[in-house]
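Per TrEMBL, the feature active site maps to H100, N173. Per TrEMBL, the feature heme binding site maps to R97, R137, F186, R383, Y387, R394. Sequence annotations record features per position, and here TrEMBL assigns compositional bias 'Basic and acidic residues' to 32-41. Positions annotated as domain 'Catalase core' by TrEMBL: 53-441. Annotation source TrEMBL lists region 'Disordered' at 1-43.
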Amino acid sequence: MAKKPTPSPATDHTLRDHQPGERQITPTDSRGNGDELHQDVGDGVADPAAYLTDNFGHRISDNQNSLRAGERGPTLLEDFVLREKIFHFDHERIPERIVHARGSGAHGVFECTKAIPGLTKASILQKEGVTCPVFVRFSTVAGGAGSVDTPRDVRGFAVKLYTDSGNWDLVGNNIPVFFIQDAMKFPDLVHSVKMEADRGYPQAASAHDTFWDFIGLMPEAMHMIMWAMSDRAIPRSFRMIEGFGVHTFRFVNEKGEGKFVKFHWKPVLGIQSTTWDEAVKIAGADPDFHRRDLFEAIDAGDFPAWDLGVQVFDEAFAEKQPYDVLDATKLIPEEDIPVEIVGRMTLNRNVDNFFAETEQVAFLPTNIIPGIDFSNDPLLQGRLFSYLDTQKSRLGTTNFHQIPINAPKCPFHNFQRDGMMQTLVPTGRANYEPNSLAEAGENGGPRASAEAGFTTFATNDERNDPTQKLRIRAELFADHFSQARLFYLSQTENEQAHIASALVFELSKVTLDHVRARVVGQVRNIDEDLAKRVAAGLAIDLPAKEKAARAPVDLKPSDALSIQKNADDTMEGRKVAILFAEGSDKAAIDKLKAVIEGAGGTAFLVAPKVGGIKVKGGTLKADGQLAGSPSVLFDAVASILTDEQAKALSEQGAAVQWFMDAFGHCKTIAHDDATQQLLDKAGVEKDGGVIAIDKFADVGTRRHWAREPKVRDLA
Ligand code: HDD
């Protein structure tokens with residue numbers, strides 16, 4: 001007789017598989033209020049979910065062993081517990097987003113801070129103090145879902161506002177313009193930037209042949225290229241990026257009057273970027289740098305916030321500009337139309353479950369509310385089709401709107417029925433309209449309302465003849481370089497040098513000589529000096545200028561386009577590392593920590609060992625070990641050491657590199673006398689950012705760009 005199988009230790013403790021705080025989602029009701037769907041597993045005394053069950057509620061006796069024919073025999077097909085578990089696991093993954101696959105999300109609230117009923121009837125902008133819940137997903141564009149957070153790339157900035165008149169999705173980026181003018185070119189753009197089709201690399205990088213081949217042949221991309229090669233594309237944190245709706249949209253007020261509008265999100269913490277060398281090193285040190293930063297800030301109660309700004313203008317303004325406001329490769333300088341702040345968004349809650357919320361959230365530019373309308377921007381018009389379509393392929397069903405993160409938080413009723421994964425249970429037989437069932441006392445279902453329903457703004461563009469069907473672009477779209485030049489000339493010297501270096505870096509990875517030459521030939525239309533710098537950096541002769549479809553015009557530079565010209569000296573939201581070791585002075589460490597935290601920053605203790613180090617005045621645990629906490633992960637560094645420890649660390653590559661990098665990345669280095677020997681070894685020279693510990697409060701976490709020519713070739 002076979003022996004009784006030995007139960008594994010966990011067999012009798014199935015409760016251990018159910019952790020408190022685990023969430024379970026139950027089907028939505030017809031009001032689709034996602035919050036009701038968030039229930040803790042195990043709520044209530046008689047909740048059967050307190051026991052481990054299968055998906056149909058059958059209690060499970062053993063979660064360790066599959067059912068076998070005999071102790072050493074094969075597994076039986078009848079083991080429904082095993083089969084269901086493996087079946088579900090096999091299908092856990094869904095297709096990742098074709099673009100913006102890598103992203104991080106958070107919940108929050110939007111509040112109207114300035115009512116603008118004269119401009120729009122959007123319910124959320126009618127009264128100061130009105131709020132609505134939001135969900136935001138930040139992303140990179142090119143990399144896969146498991147790629148790193150800090151490649152040179154555009155960042156997605158997608159906001160879902162759950163308003164009382166339906167969801168409004170503002171699906172934007174951290175750059176106010178785009179690569180292409182017409183949605184027709186989107187698949188080509190994306191194919192060119194993604195890993196190359198035959199070799200399957202590079203991942204999350206634009207520095208390769210196919211991308212630059214496409215770009216060189218698409219001069220309309222040159223404005224966006226200036227942004228993508230600038231520090232905007234290597235942000236320090238999602239909390240420190242701007243967001244842009246990019247397209248020109250339409251505001252419509254109660255009287256039916258329309259004006260054009262562009263949307264901006266301005267980060268309260270200011271805009272900040274990394275340097276390229278830093279971004280590359282962060283990718284290795286912490287591939288989840290931005291995801292962790294966002295999660296930890298919200299977890300600590302440091303809620304990131306953005307002001308919603310609008311640039312509102314009319315047809316008369318639009319007609320006078322040397323660019324077309326329907327062209328998504330153009331921006332409107334803030335000096336011409338100032339950004340008016342009308343609301344604030346604060347992210348105050350992390351997701352409970354990454355897949356259920358961040359992965360399954362579906363943004364749709366078609367989600368707009370009465371008071372906001374589309375414009376005829378041909379890129380926007382194409383997006384209006386693409387997003388609905390992609391959700392079916394990603395989420396597998398037309399009923400993706402019922403997933404709690406996507407469902408509106410206001411009532412929704414219609415006659416759409418059935419489909420895969422239908423979770424609603426409509427009652428009655430009114431699934432068509434018109435019907436007269438109400439006359440027989442039955443529920444006849446909802447009806448459209450000409451007054452309250454969404455109505456499309458009747459565009460009165462005199463320059464457009466809607467009776468003609470044409471595959472062409474409007475005339476001014478042919479100006480590809482004026483605003484690229486405007487952006488470049490609006491940057492500081494350092495920022496211009498960063499653009500030049502980024503172009504050299506990217507084009508150095510291009511293996512096709514003619515592709516390099518063509519791109520530099522395009523750059524000559526933006527700025528001759530920039531083209532010469534790039535050609536010199538590549539060690540190639542200056543190629544012939546590419547022919548411009550329309551001669552560029554000189555536009556007045558705009559200071560608002562530079563990060564450095566608008567840099568904020570705040571320590572809010574910044575992270576400072578304090579290096580210590582055995583024997584360090586705890587009182588000095590505590591004092592510095594108080595300065596950092598008092599100014600809204602976070603202090604992070606770094607030491608050669610983490611567990612607990614004897615210091616002068618007690619024992620101190622480190623937050624991170626030196627080799628695993630390189631200085632690239634921090635906004636500034638400080639060091640409090642004994643002579644003996646500083647000497648020992650001067651022999652450690654990780655310690656020397658720590659200071660070398662902090663210096664090279666133009667960061668503040670606050671140090672005591674003992675650390676000087678370590679700084680000497682690292683080649684750190686005295687300047688306004690290399691300071692004594694007690695000066696840290698005055699200098700803070702700002703970058704010291706004046707140092708840059710000493711550490712990098714800015715030619
Ligand atoms: Fe797009 C995702 C932003 C042009 C087609 N896009 C996506 C996301 C953002 C943007 C932030 C990620 C949303 C999320 O977090 O789930 N896209 C933009 C901006 C554009 C733009 C600012 C130009 C101004 N996109 C664009 C075009 C097309 C698409 C022209 C197609 C014609 N975008 C998509 C998509 C994605 C997407 C394939 C992939 C996943 C998704 O939609 O939900 O449909």
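Even glycines carry a Cβ here, placed using N, Cα and C.
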Drop a 10 Å sphere on every Cβ of the recorded positions R97, H100, R137, R383, R394 and tell me which sphere holds the fewest other Cβ atoms.
R394
Rounded to a whole angstrom, what is the C-alpha distance between R137 (heme binding site) and N173 (active site)?
11
Local Cβ density at F186 (heme binding site) - other Cβ atoms counted within 10 Å
18
Cβ-Cβ neighbours of N173 (active site) (radius 10 Å)
24
Most distant Cα pair in Å, residues R97, R137, F186, R383, Y387, R394 binding heme:
21
Comparing the Cα of N173 (active site) with the Cα atoms of the recorded positions H100, F186, R383, Y387, R394, the shortest distance belongs to H100
Students should find that the Cα atoms of Y387 (heme binding site) and H100 (active site) sit apart, in Å rounded to an integer, by 12
Could you tell me the C-alpha distance between H100 (active site) and R394 (heme binding site) in angstrom, no decimals?
13
